[in-house]
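Chemist: Here TrEMBL flags R205, E234 as active site. Residues annotated as active site, proton donor in TrEMBL: H251. Annotated substrate binding site per TrEMBL: S45, T66, Y255, in sequence order. According to TrEMBL, the feature NAD(+) binding site maps to D146, D229, G254. Sequence annotations record features per position, and here TrEMBL assigns domain 'D-isomer specific 2-hydroxyacid dehydrogenase catalytic' to 29-275. Among the features that TrEMBL reports, domain 'D-isomer specific 2-hydroxyacid dehydrogenase NAD-binding' is placed at 114-246. Annotation comment: TrEMBL describes 286-361 as domain 'Erythronate-4-phosphate dehydrogenase dimerisation'.
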Amino acid sequence: MKIVADENMPIVEALFGELGVVTRVPGRLMTPEDVKDADILLVRSVTKVNQDLLAGSSVKYVGTATIGTDHIDQTYLKDANIGFSNAPGCNAQSVVDYVISALVCLCQDEERLMKDLTVGVVGAGNVGSRLIQRLKKLGLKVIAYDPFVENEDLPLATLDEVLACDVVSLHVPLTTEGEYPTLHLIDEPALNAMQDSAILINSSRGPVVNNESLKQHLKARVNFKVVLDVWETEPEVDRELLDLVDLGTAHIAGYSLDGKYNGTFQIYESVCKFLGLPMRKRLPQMLPEPDLVHVGFASGANFDEVFPRLVQVAYDIRRDDRLLRRAIAKSTKISESFDWLRKNYPERREFSSLSVKVRRNDVTTTAMYEAAGFKVKVKS
Ligand SMILES: NC(=O)C1=CN([C@@H]2O[C@H](COP(=O)(O)OP(=O)(O)OC[C@H]3O[C@@H](n4cnc5c(N)ncnc54)[C@H](O)[C@@H]3O)[C@@H](O)[C@H]2O)C=CC1
Ligand SMILES: O=C(O)C(=O)[C@H](O)COP(=O)(O)O
């Protein structure tokens, strides 16, 4: 069996090696020639999988190690009788860590307490619902807009109510059809409905926000804050827009090592199921121990002071913002620099792989650290 895989997908040989011969290809440059003899095709978000790529090939199954599926023509796959799976939720915790790090950093700059913020989440799926849970446990007031979800446990509200919050965080797929398309969901009217000093975070897909409208809005409202992980013209980045946003990163919100391994593993599970083969590999054995395993603080440390530092030790979004700005500033080919940053992304672990040491009877602090997503170890 021949398996063609994106070169940026980890642990493919370790998982799929016993199923067939693995060939690696740069995802953004993948051609029909690369895939014509393949049985299984494993991609990430940068490969457009459609008739142009697959017609006349022997591909029987396509797996994308991503949550998003807007790069896949699922109707074509169905019509051509080609099996398909994505990796729902694989890097959802990583995106939540990203949003929390962004909020911590912006609150620090503004000398605001994070727990005083109201947060409006757009899209209450795998990422959105985890974000709601974590923020609520941290004491923030959270509401969410999702016209496709009916769940009494979620704090659902209208889009207008969500847009009126201090923070608006987007977690929707990119869609262009149906009653609720998300293409340019955040356009001039939506931006105008937001507070003048609101924080907008987009870690979903670039075209969900009309980047031109956003630029004009930012020029007119100096207190409006923006965090962009995804860009409408990706892998191109509009230099002018990057200069205007508070934090800008190279589509890496989901790039924890845990999230990437989960993605490959989830499609390994789906491929085994498709082929009717037993799964011989287990993910926990493959994930390396995080470099930073324990973080301890002096007894009596105040959670409000410790929490931001802890988040920044675990994942500091400002590092990724600096990397993007530096790369773009000196770049003659922005798209190549953007992809280089993503390919060479430093190892990052999810908060849940970090342990914080607390005193045995420190019940409140224990609950707060757990709420933030960290593991808690009791000091002996
Ligand atoms: N920046 C990054 O690295 C990453 C980006 N993503 C993006 O985030 C998106 C969301 O991820 P998940 O939560 O895992 O997806 P999901 O499919 O679990 O949830 C998406 C939610 O959005 C809702 N939705 C759809 N249209 C909507 C609309 N017009 N208004 C409000 N809600 C709407 C759906 O009902 C669903 O509940 C993915 O589709 C992907 O494009 C995901 C992972 C990493
Ligand atoms: O899972 C998703 O959806 C994402 O956006 C991925 O994290 C994007 O990563 P690549 O597939 O572009 O490497």
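Using the three backbone atoms N, Cα and C, a Cβ is placed for every residue, glycine included.
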Chemist: Counting all other Cβ atoms within 10 Å across every protein chain shown, which of the binding-site residues D146, D229 scores highest?
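Modeler: Checking each of D146, D229, the winner is D229.
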Chemist: Quick one: of the recorded positions D146, R205, D229, E234, flag those whose CB is under 6 Å from ligand 2, and say none if nothing qualifies.
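Modeler: The recorded positions passing the 6 Å Cβ test: none.
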Chemist: Compared by Cα position, which of the recorded positions S45, R205, H251, Y255 is the closest one to D146 (NAD(+) binding site)?
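Modeler: For D146 (NAD(+) binding site), the spatially nearest of the recorded positions is R205.
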Chemist: Within 10 Å of G254 (NAD(+) binding site) (Cα to Cα), which of the recorded positions S45, T66, E234 do you find?
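Modeler: Those near G254 (NAD(+) binding site) - Cα within 10 Å - are T66, in sequence order.
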Chemist: Checking the recorded positions R205, D229, E234: which ones have Cβ within under 6 Å of ligand 1?
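Modeler: From R205, D229, E234, counting a Cβ under 6 Å from ligand 1 as near, the near ones are R205, D229.
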Chemist: How many other Cβ atoms are found within 10 Å of the Cβ atom of R205 (active site), counting all protein chains shown?
Modeler: 24
Chemist: Taking the recorded substrate site as S45, T66, Y255, identify the other residues of that chain whose CB atom sits within 8 Å of the mean position of the site's CB atoms, giving them in sequence order.
Modeler: R44, A65, I67, G68, N91, H251, G254, K260, G263
Chemist: Sort out the sequence-distant neighbours of H251 (active site, proton donor) for me: same chain, 6+ apart, CB within less than 8 Å of its CB, listed by position.
Modeler: S45, D229, V230, W231, E234, F338, R342
Chemist: Round to the nearest Å and give the CA-to-CA distance linking R205 (active site) with Y255 (substrate binding site).
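Modeler: About 15 Å separate the Cα atoms of these two residues.
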Chemist: How do the residues of the domain 'Erythronate-4-phosphate dehydrogenase dimerisation' (286-361) split into helix, strand and coil according to DSSP?
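Modeler: Counts, helix then strand then coil: 38 helix, 7 strand, 31 coil.
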Chemist: Around E234 (active site), how many other CB atoms lie within 10 A of its CB?
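Modeler: Step by step: centre on the Cβ of E234 (active site), count other Cβ atoms within 10 Å, giving 19.
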Chemist: With substrate as the bound species and S45, T66, Y255 as its recorded binding residues, calculate the greatest Cα-Cα distance and give it in Å as a whole number.
Modeler: 12
Chemist: Where the record says D146, D229, G254 bind NAD(+), what is the longest distance in Å from one Cα to another among those residues?
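Modeler: So the maximum pairwise Cα distance among the NAD(+) binders is 21 Å.
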